[in-house]
Amino acid sequence: MSKKLHIKTWGCQMNEYDSSKMADLLGEYQGYTLTEEAEEADILLLNTCSIREKAQEKVFHQLGRWKTLKDKNPDLIIGVGGCVASQEGKAIKDRAHCVDIIFGPQTLHRLPDMIEQVRRGEKAVIDVSFPEIEKFDRLPEPRAEGPTAFVSIMEGCSKYCSFCVVPYTRGEEVSRPSDDIILEIAQLAEQGVREVNLLGQNVNAYRGATHDGGICTFAELLRYVAAIDGIDRIRFTTSHPIEFTQDIIDVYEDTPELVSFLHLPVQSGSDRILTAMKRGHMAIEYKSIIRRLRKARPDIQISSDFIIGFPGETKEDFADTMKLIEDVAFDHSFSFIYSARPGTPAADLPDDVDMEEKKQRLAILQDRITQQAMRYSRHMMGTVQRILVEGPSVKNPMELRGRTENNRVVNFEGQPKHIGSFVDVEIVDVYTNSLRGKFIRGEDEMDLRRNLRPSDILAKHKQDDDLGVTQFKP
């Protein structure tokens, strides 16, 4: 009988990426196969997130449900990973005795060893250290699961915003070597991946070592990735305004593989609140970045994060946020009511904004951004959009679903052979969360591919010709 593994994941795309690597790791080295049913599993792993309110309580509620499974099967191994594990450490075991393994985001690569320790009789195996970027050196080769893939390029954050736990749970910023990232993406491209999403808590702070002892900036990395044959779209998540430098903006001007969509969190439009949040920039500086971006890429769509009801936020502060939303014309947002995270500087501030007021402000903000998004979607009516077909439509399996460059889902009638490739569709209808398309042409009528193997890019470097034009040559 095959050994079964069940992973429950909460939180950001980085956690989703980490969970996929856990599955690959335990599958390759220990022969575990994934199951959706916790009752079938020999190992249960909970990959946690500490961003939301009452994150710890949510973890213990889940562990309570899993305890009943362990009572029936004493050989069942239960592990807790992610940011709550990093934050709480041994306290998780003290409260939930059913837990065997506690590991942090930076130590998931040690899971096979931890499992063996438990099998040998150790009562609790805990490792929530920050061993630089070691975890990427011990993970198996990437495995594509469709035409899109996430690739982690760095870990941690060194900005220490007053409300955020990330520096304490994932550590300081550490970048992967650029050659390792390029190799991983080249391997994914050879498996049919067409779009990559570069992941990090603050990707534009990326400064990765090169094979010759130099440093690769984020802008340079974007150009290297764009040169890999088969990679026709590049996204990245998440970035910080204070390091969104001109060289990154320049990439938007000359690199069509970089999509016309950017998630750039601002959190608030009030300079007073931005200062209290320790964001390191003012609203006018954020707008300057957007202005320069739209000069380089006029059709780019912008999304953001917003925290509503941060300590001390007045009606005037909220009005400043709404003014920024109107000025920038945000297309989408992840907006949340503020709740204090234990151990952060903001947790010591009085939470003095009434909850009903917070809820009202959140509803107003979300309504405004929904209106702006619908306005732009209507402008897309009648246009031809190139979409990457990801699979069957969620609502109608007889149809196909894809995503536009500006991150809108499009459902259309098409043949299964188009899954994993690009098609052009005419937008014929607009809904709140999706668009309706009419098939125009398939990829065989486009000129997208180059006669290069993805591995060829590993030997390339940037070189300027006599006219100052940048090229990538062997």
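The count begins at 1 with the first shown residue.
Backbone N, Cα and C atoms are what each Cβ position is placed from, and that goes for glycine too.
Counted within 10 Å of its Cβ, the other Cβ atoms near CYS83 ([4Fe-4S] cluster 1 binding site) come to 26, all protein chains included. If you look up Swiss-Prot, you'll see CYS12, CYS49, CYS83 marked as [4Fe-4S] cluster 1 binding site, on the strength of sequence analysis.
If you take the C-beta of CYS164 ([4Fe-4S] cluster 2 binding site) and look for same-chain residues 6 or more apart in sequence within under 8 angstroms, you find CYS157, ARG341, THR344. The [4Fe-4S] cluster 2 binding site annotation in Swiss-Prot covers CYS157, CYS161, CYS164.
Taken from Swiss-Prot, the feature domain 'MTTase N-terminal' applies to 3-120.
What Swiss-Prot lists as domain 'Radical SAM core' is 143-375.
Look at Swiss-Prot and you will find 378-441 tagged as domain 'TRAM'.
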Pairwise Cα distance for CYS83 ([4Fe-4S] cluster 1 binding site)/CYS161 ([4Fe-4S] cluster 2 binding site) [Å, integer]: 17
DSSP three-state assignment (helix, strand or coil) for CYS83 ([4Fe-4S] cluster 1 binding site): helix
Rounded distance in angstrom between the Cα atoms of CYS12 ([4Fe-4S] cluster 1 binding site) and CYS161 ([4Fe-4S] cluster 2 binding site): 18
Long-range Cβ environment of CYS161 ([4Fe-4S] cluster 2 binding site), under 8 Å and at least 6 residues apart: GLN267, MET277, LYS278, ARG279
